[in-house]
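Notes follow once the structure below has been shown.
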Amino acid sequence: MDNVLVENELSFSTATRISLEVDQLSVLAANNTPIVHEISMRVPSGSIMAIVGGSGSGKTTLLNVLASKMSRNLKNTGSFRFVPESSEHSEEITTAYLTQQDILAPKLTCRETLQYASDLKLRCSKHERRKLVEELIAELGLRDCATTLVGDSRHPGLSGGEKRRLSIGVQMISNPSLLFLDEPTTGLDAYSAFLVIKTLRKLSHKGGRTFIMSIHQPRADILFLLDQVCIMSKGQSVFCDKVAHMVPYFKQLGYEVPPHVNPADYFIDLCSVDSRSPQLMLETQTRLDELVKNWKMKQDDFRPLNGLELPPAVPRMPSVSFWRQVHVLTKRKLRLSLRDYATCIAVLLEPVIIGVITGWIFYRPDGTSLKGLRTMTSALYSAGALQGYLFLLFEIYRLCDQDIKVYDRERSEGCVSPLSFLASQRLANFVIVDFPVPFLFSIITYFMYGLSVNPKSYFVYLSVVLLIHQSSVSFAMLSVAISRDFSQASLVGNLNYTLQSMACGFFVNAKSMPVYVRWTKYITYLWYSFGALMSNQFTDFACDTVEEGGCLGNMILHTFGFPRHWRTVPIIIVFCWTIAYYLCAVIILYLKKTDIGLAKRVKSKKKIEKEDPSMEVDVESYPLQTGASNEQGITIELCGIELKARKKQFVSSRLAKENGQKTINILNNINAIFQPNALNAIMGPSGSGKSTLLNLLSGKLRSTIFASFETSGSILYNDTEVIQEVFKSICSFVPQDDDHLLPQLTVRETLAFAADLRLHHLRPKERSCKVDELIIELGLKHCENTLVGSELVKGISGGEKRRVSMGTHLLTDPPILLLDEPTSGLDSFTSFKILEVLSNISKKPGKTVILTIHQPRAEVFQQLGNILLLAKGGRVAFNGSPREMIGYFSQLGFECPPLTNVADYFLDLISVNTQNDTNEFNSRERVESLLRNWKQEGQEFTKRSTESSEKDRYGVFEFEEWTRSKASFGVAYQVCVRRQFLTITRNMQSLGARLAQIPGVGIILALYYAPIKHDYASITNRLGLIQQSTALYYTGMLTNLACYPGERNYFYQEYDDNVYGVTPFYLGYMTLELPMAAFASSLYAIFTVLVCGLNRSAGNFFVTMYCSLIISTCGEALGIITNTLFTTPGFVVNVVSIVLTIGCVMSGLMSLQMSRVLKGFNYLSPLNYTSMILINYAFPVDMQLSCNDGGRNPDGSCMLSSGGDVLESYGLKTDTQKYLGIIICVWFIYRFIAYLTLRAKLEWIRW
């Protein structure tokens, strides 16, 4: 291996030096519980300080407080200050902060991301900025992927390690005097982590910069690159001084680092509390208390740093001028929009499709009949409200999914202001979206609706549609400013739309609204826009005489309460509302900051018995029991495995050509053996195909519409190829992320429910003992009654979530256990304990354990039974035991130096250094030589691969002794019901969606309609009230969005593990859904029938309850279908909203002159049946109507004097008894389709 690396020189100017002094700093939670306790440190300028410790030690909290990013529910005592070494340039001191999460624009390349970051943070010339970007790309090892798109989960681009290095570059580009880094090496392989810290050391020592970072697992050579280290445990400091003083200090206390052991790992283990048994917890806690006490006595002797007599400085964030921000952000937004060609095309097609469909629905109605006038009025309403609502939802989705995340990061960095962000959004979108969309919609619908053919009327129509679009976009920005979460932001948008539709004057007559809500029409832009469209069309329309009263259009305007020629004023007011929404959004963006709350502990229902010392579990001598019936185990052999990914490009682009070929080789001729009763590890740098190989082994690698995979070679299990269904029943796969865990369950409940399903053959008491044993073995006793938590509600730590995920799979005691990065993001102590558990499991009879791992500790490396070492590109560098590995590389002249982690050394050997051409050439030559040598050594594997094709294919009977059976329907059903009941009752958002949304619609309707009279205006009010009941279709979909995705994700994991099938999950979900929907529908009926006065009869009450139940649950069925087909919530909402909106418009009460083809489609919609039923019950034949407020014939008689007359005139008379029977059949069809969709996704098509 190269002893000397060629160093790059960076063009950074020298930073203003700044030191940090911390005295007795404590951080307290809201209930005064200490999170960080009396920390003191002195960090001189030009040095690197690392805060290390186990999970939950307070590292990130301390870092956030020092970076002035403390949560609002925390408070601190003590002091910390930043002191410049010189007063000359103290105003130039800048700071930056690297978060744990990589928030990057997915449609930008690596180089473009850094270029835009430099444009927003540096004030030097463009040439200097570009030069610095190229140097930083080389320094961070990103040259190979400089033109690769960042990508996301749907369109993969950079690897996790490459994204992490890019995030570091985004912060370093500003040349800060002080840089805080939260876990900068998370997700990086050992060599990349070493190079990153080496770069930081060079910048600190040469440029005088100060770096303060938290870090989980620093390898030995990284540790000694640091200047200072602060070791924390349970919020207290155990050591906080120079790295050079660390080993002697602990040696003085009697703790000497053993040879060939990483000092960081050793000291973190020393300071961690082992909670796997009461005895271990007591011993380790006592040791920790003693260490804390010793350090407290030591730090009392500290003195302030020399030269800190100057007053403290306040570091600022790097930034450029407002106009520069607008220019850069606009240019970036344009590039992102045009590069996302699929969204761009969809945005422009949407107004065309919706315009054509609504134009067909309302196609040129007869302007002289009641049916025609009602249809024309409905068309004008849909022109104002329909397109605006759909784009409101789309804009909320787009902002939440992409733009607002990057804005929040850049805003926290101080390089972007809310006003510049908003201005750039509107400037960039105007040419692509904000003008073309309203124009396309207006030009299609205006002529298909058959509106007045004159230029002035059309331009008024276009102006109104354009301003409604702008109002919707501005309110979308306001909704996202209120909440970054899509479900909550869309709820704000939907509440706004509900107010707009209720107060606009279409559904409920503005003149007859109750006085306490009549004022709301003045605060709704839709009332002004609807009035402008009505006045534009109906002023002096269909006149019999020259007098004003002889015009049918003027009578319509009078009935709705709009003046004639009312165009200019409402257009100006709508424009003012648009500006007002933008101003509110900017103010909220300036003031509002996102925050994370703490999860509560849940009181355990399990009886606490008195402790009996004889019953204590000694985890070292009593590991988990095994239930495997076969002691032989399964040997897995890979013979000539190759994998290619073929990206499907529907639209060719210049960038796609720059990024290389469409076919990518991921795995290249892999021959390897994984043995039973040993811990098998797949190791390699980022991009070597470790996780891909594991997914291939587990059968989870599936082609999509964007990419397909081509595989060749054979995977043999005990020299036998088996079908995928058999392998699923003998294998458990633990994924890298833990997002599927239900945040509303505690640790114990999660494992208990998993035990009920996976260990259904055991008695309840035995299952409970198994769960207790597992909780202790995994070190989860201290948090067994704590909620798992989520992004918004903090629960257990990342390491604890990792162990819970493992625990659910260990319950089944599978013959084959696959784990993808089980130690990723964990501290060294937790990682070691997890791998210790896995090592114990692998030694049991009949066990085959395979895992991927980035940075194994020295102790762990020696415990590995078999290692597959992969180089970048999925090529094998070695396969064998650790002992064989050391001997093999020694023969090639690569002897591991003393005091060096052997695993880190070998990973460095097969890693390519791309910092500069010299380093890249030398390292690439070394790697290619190693790969060629192993290819010659592994000749015997290729012979086996050619013979494997001749082997027979065996079915389930050959592996019956290893297979596990699914839980029975009864067991799975009752567990699903109990688990879902707990999650929904603990989640107020889900419970509110289930019980409050439907009655909430009823309350709003009652506010605007109660009491409904029996005059001419009440006809349109009754029609409007029944039409508004179709909104329950949306309510059902939104309820599903709040409740279903979490349960779905958890079920997918259990289905993949062959625990139970689709039927018990689906019926369990319906068991809780239907009673809650029925209760909510009964409350809705109370408000609409009894409060509003809509024919107060028992028959109408129960019919309304029945119909509202059908509508809402059919909406939920559509939600299940789309949430099963697509996993992105925002995309689901936009797709379903288009379908539901068209269904509502076609319900039969808005367009009364639809074509026969559209009426045929209408028979598939439940809204057609429920609307006809409800309208017939709302206008009973014997109901009498007055006409004092309008609607008289020339002879003075009423045009419509009874309910029967209304039904006959509008053509709404139907056989309600027949329709009541049909809708239950339609409901069953919707539910059955949802069930088939779920089965098709998982069992038949498997996409």
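Including glycine, each Cβ sits where the backbone N, Cα and C put it.
Automatic, uncurated: that is what TrEMBL annotation is.
These numbers come from a predicted model, not from an experiment.
The domain 'ABC transporter' annotation in TrEMBL covers 20-259, 650-898. Marked as transmembrane segment by TrEMBL: 341-363, 378-397, 427-452, 458-482, 569-591, 991-1010, 1074-1094, 1101-1125, 1131-1149, 1161-1179, 1219-1238.
Across 341-363, 378-397, 569-591, 1101-1125, 1161-1179, the stretch most heavily in contact with the transmembrane segment (1131-1149), judged by Cβ pairs under 8 Å, is 1161-1179. Nonlocal intrachain contacts for the transmembrane segment (1219-1238), taken as residues 6+ away from its ends with a CB within less than 8 angstroms of a stretch CB, comprise 1062-1063, 1066, 1070, 1103, 1106-1107, 1110, 1113-1114, 1117-1118, 1120-1121, 1124-1125, 1164, 1166, 1169-1170, 1172-1173. Residues 994-999, 1001-1003, 1005-1006, 1009-1012, 1022, 1025, 1029, 1032, 1036, 1100-1102, 1104-1106, 1108-1109, 1112-1113, 1116, 1178 of the same chain sit 6 or more residues outside the transmembrane segment (1074-1094) yet have a Cβ under 8 Å from a Cβ within it. Taking every recorded stretch in 341-363, 378-397, 427-452, 1101-1125, 1161-1179 and counting its Cβ pairs under 8 Å to the transmembrane segment (458-482), the highest total belongs to 378-397.
Counting Cβ pairs under 8 Å to the transmembrane segment (341-363), the top-ranked stretch among 378-397, 569-591, 1101-1125, 1161-1179 is 378-397. For the transmembrane segment (1161-1179), the neighbouring stretch richest in Cβ pairs under 8 Å, chosen from 378-397, 427-452, 991-1010, 1101-1125, is 1101-1125.
For the domain 'ABC transporter' (20-259), the model gives a mean pLDDT of 84. Comparison of 378-397, 569-591, 1101-1125 by number of C-beta pairs under 8 angstroms to the transmembrane segment (427-452) places 378-397 first. Under 8 Å from some Cβ of the transmembrane segment (378-397) lie the Cβ atoms of residues 347, 350-351, 354-355, 358, 362, 365, 437-438, 441-442, 445, 449, 461, 464-465, 468-469, 471-473, 475-477, 479-480, 486, 489-490, 493, 496-497, 500-501, 504, 506, 526, 529-530, 533-534, 537, 1130-1131, 1133-1134, 1137-1138, 1141, 1145, 1150-1151, all in the same chain and six or more residues away from its ends.
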